[in-house]
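Okay, so here's the structure we're looking at.
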Amino acid sequence: MSDGFGRPPPPAPAGHPTGAAGGDPVRVMVVDDSAVIRGLLTRALEGDTEIRVVASVGDGQMAVNALQRNSLDVIVLDIEMPVMDGLTAIPKLLAVAPQVKIIMASTLTLRGADISMRCLSAGAADYIPKPTSTREIGGADAFKRELVSKVKALGAAARRAGSRTRGELRPLNPVPAAFLKREPPPVTLRPAPAVGSVGQVKPDVIAIGSSTGGPQALFEVLAHLKTGVTQPILITQHMPATFTTILAEHITRQCGMNAQEAKDGEPVVPGRCYIAPGDFHMLVTQRAGANVISLTKDPPENFCRPAVDPMMRSILRAFGGRKVLACILTGMGQDGLKGCTEVVNAGGTLIAQDEASSVVWGMPGAVAQAGICSAVLPLKEIGPYIRKFASRAA
C-alpha cells in the first residue's frame with residue numbers, strides 16, 4: 001500500500017530517540033467512533049514497545065474527558081464523529097493540555113483534505129491519510145509504519161517541549177503529595193548550531209521545504225510576504241495528492257497570496273507562490289530562455305515524492321546559486337540537506353527554523369547542525385527575515 005505520499009514508508013531516523021525521550025513509552029489516546037478502527041489502530045501502535053495506548057474513546061467529548069484524567073503525549077483523532085467531531089474537539093483538547101500533539105486521521109478526499117487543513121490551522125500537529133476500509137488498516141504495513149513513526153516523533157517533540165501532559169493534576173479529589181513531586185524526564189537540548197555566511201546578492205527566487213507541522217509554519221511565514229516580496233516562491237511540503245490542492249487554496253485565503261498547485265510547463269513568474277503537487281517532484285527547468293515548472297515521477301528521494309532536494313537542485317541550475325534564498329521549516333527526516341548544501345556552496349543563502357518553535361526538528365535540524373545556515377530563527381522571525389532579505393537593494 002502507498003502511504004499517501006507516493007513513497008515507501010521511511011525507516012526510523014538514525015539517532016532518533018527511543019520512546020519519547022529515551023525512556024518511558026509514548027502515551028497515546030486513540031479517538032474514533034468505530035470500535036473496530038480503534039482496536040486496529042491500538043494493535044498497530046502497541047506493536048511497538050515504545051508506544052503505550054492509555055485511552056481509547058469514541059468521540060471528541062469523551063476524548064476531552066479522558067485527557068483530563070490521563071497524562072498523554074499524542075492523540076490520534078478521527079475527524080467525523082458523533083457528539084463532538086475532531087475539528088470541534090481540537091481547541092478543547094489543547095485548552096486542557098496545550099502541548100499535547102494531535103494527529104488527524106483523514107481520508108484522501110477533497111472534503112477530508114479541507115477539514116484536515118482546518119484542523120492543522122486550529123492546532124493539530126500532523127495528519128495521516130486513513131485507509132478507506134478496516135481490511136486496509138489491518139493489513140497495510142506501510143500505514144502502520146507511518147503511524148508509528150509519526151507518533152514516536154511527535155511524542156519526542158512533546159517531551160522536549162517539557163509538555164508531558166499532567167491530566168491527573170486536574171481532578172476534584174485531593175492529589176497525593178508524592179504524585180505532585182513527580183517530574184517529567186529530563187530533556188537535553190542540543191548545542192546552538194554553527195552559522196554560515198549571508199549572501200550579498202538580492203535573490204531572484206525563494207524556495208521553501210517543510211514536512212511535519214509545515215502547513216501551520218507556512219501560514220505564519222507567508223502572511224508576512226503578501227506585500228513587499230516580488231520573487232516567485234516555490235514550496236515543497238510533504239503531502240499526498242488532494243491535500244496539496246487544498247493547501248494552496250488555504251494559503252491564498254489565509255495569507256492573501258497568489259498561491260496555486262504547480263502545473264507542468266507553466267512559467268515561473270514573479271509574485272506567485274507554487275506548491276509541489278502530491279506524488280510529483282516539482283522542478284524548475286529552462287525552456288526557450290524562460291524558467292518553467294517541470295513535474296516528474298522520478299523515484300522518491302529521502303523516501304518522499306515530492307521531495308525538497310530535487311527542487312533545490314533544479315532551482316540552483318535554473319537561477320544560479322547566488323540568486324537563491326532557501327528556507328527549511330519544521331519536518332521529520334533530512335530532506336533538503338543535500339540540495340541546500342549545493343545551494344550554499346554555490347553562493348546562495350539558507351535559513352532554518354529553530355528547534356524550540358519546530359513541531360519536529362528533523363529537516364531544519366539537519367541543515368542547522370551542518371553549519372550551512374545564515375540564520376536559525378524562531379518561526380515568528382522567519383517571515384520578516386525573508387521579506388527584509390528579499391527586498392534589499394540588488
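Backbone N, Cα and C atoms are what each Cβ position is placed from, and that goes for glycine too.
If you look up Swiss-Prot, you'll see 15-24 marked as compositional bias 'Low complexity'.
Look at Swiss-Prot and you will find 27-145 tagged as domain 'Response regulatory', backed by sequence analysis.
The feature domain 'CheB-type methylesterase' is assigned by Swiss-Prot to 191-393, with sequence analysis given as support.
Remark: Asp78 (4-aspartylphosphate) has Val31, Asp32, Asp33, Ile37, Gly86, Ala105, Lys130 as non-local neighbours, by Cβ distance under 8 Å and separation of at least 6 in sequence. Taken from Swiss-Prot, the feature 4-aspartylphosphate applies to Asp78.
Under the heading region 'Disordered', Swiss-Prot lists 1-24.
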Exercise. Quick one: what's DSSP say for Asp78 (4-aspartylphosphate), helix, strand or coil?
Worked result: strand
Seminar exercise, completed: Taking DSSP H, G, I as helix and E, B as strand, the domain 'Response regulatory' (27-145) contains 57 helix, 27 strand, 35 coil
For this session: Looking only at the domain 'CheB-type methylesterase' (191-393), report the model's average pLDDT.
Result: 94
